[in-house]
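What TrEMBL says about this protein:
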- E174: active site (ACT_SITE)
- H173, H177, H183: Zn(2+) binding site (BINDING)
- 75-274: domain 'Peptidase M12A' (DOMAIN)
Amino acid sequence: MSALMYCVTVAEDTSTELSFIRCASKVLHIIIYYIILYIDCTVTGQNLFCVLVREADEPKVIGDIAVDDENDERNADPCTSQGCMWPKSSDGIVYVPYVIANHFSSRELQVIQRGLDSFSSVSCIRFNPHSNERDYLSIESRSGCYSYVGRRGYAQTVSLDRNGCIYHHTVQHELLHALGFNHEQCRSDRDNHIRVVWENIIDSYKYAFDKINTLNQGTPYDYNSVMQYHRTAFSKNGLPTMVPIPNSNVAFGQATQMSQNDITRINRLYKCCEYHISSILLL
């Protein structure tokens, strides 16, 4: 109602019916955009880019990265400290314990388990059911898709909301966060590969596009990384928030699984020297 009253005011100021029609059309366009955004959030697995109301016991979430409090900036730092990475066992395997909440359906459990298992065929990472380990992942359906970056200590939530997050690529995306990786478009060299269209981004989410010192592990910028946001992520008007350069027609942010570069980064960070994967078909 307030938007329409604004249109009436505009029409009165300009004394033209055409001004009202144009304004009303713009308001309708915005309403339709947010309806589409809602459908994306609840149906198509795009909860990574949705603004959600969270429960009181949930952490502060920046995009899809959880932080402990308002002053915690660890999410923006490279995960290079010993405590941030999951430890490697004497057998050369990195065991990451996890528990899965009992509110998922059998189909949802299959998707989550497939995502967990996909790391074992291409790296030295093994997600194993939790027994008595102090540090572990607690996979739950909370408000949206999110994870902490790297090992936090004790139980740390990986949220896979049943209403939009149960997709293979989303599971892999959040698990990569838990292993210590951040978003592709936040790389320090991203300005050589994408142009961020700041004026199209929701003001309160512009921080999600800040450049940081990510763990690139000597790999090139990867438009096909499962950690790359899509073209209109956090858009306030349906227009692109990122444009690839120099070729603006390059497709990106459409990964359905980890890319070869994603896999290479895991193996280099965790020194999985015995894994020389030339294909990701095993995923």
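Including glycine, each Cβ sits where the backbone N, Cα and C put it.
The Cβ neighbour count for H183 (Zn(2+) binding site), using a 10 Å radius over every protein chain in view, is 25. Using a 10 Å Cβ-Cβ cutoff, H177 (Zn(2+) binding site) registers 24 neighbours. If you measure from the Cα atom of the residue listed as 'active site' to that of H183 (Zn(2+) binding site), you get 10 Å.
Neighbours of E174 (active site), defined as other CB atoms within 10 A of its CB across all chains, total 25.
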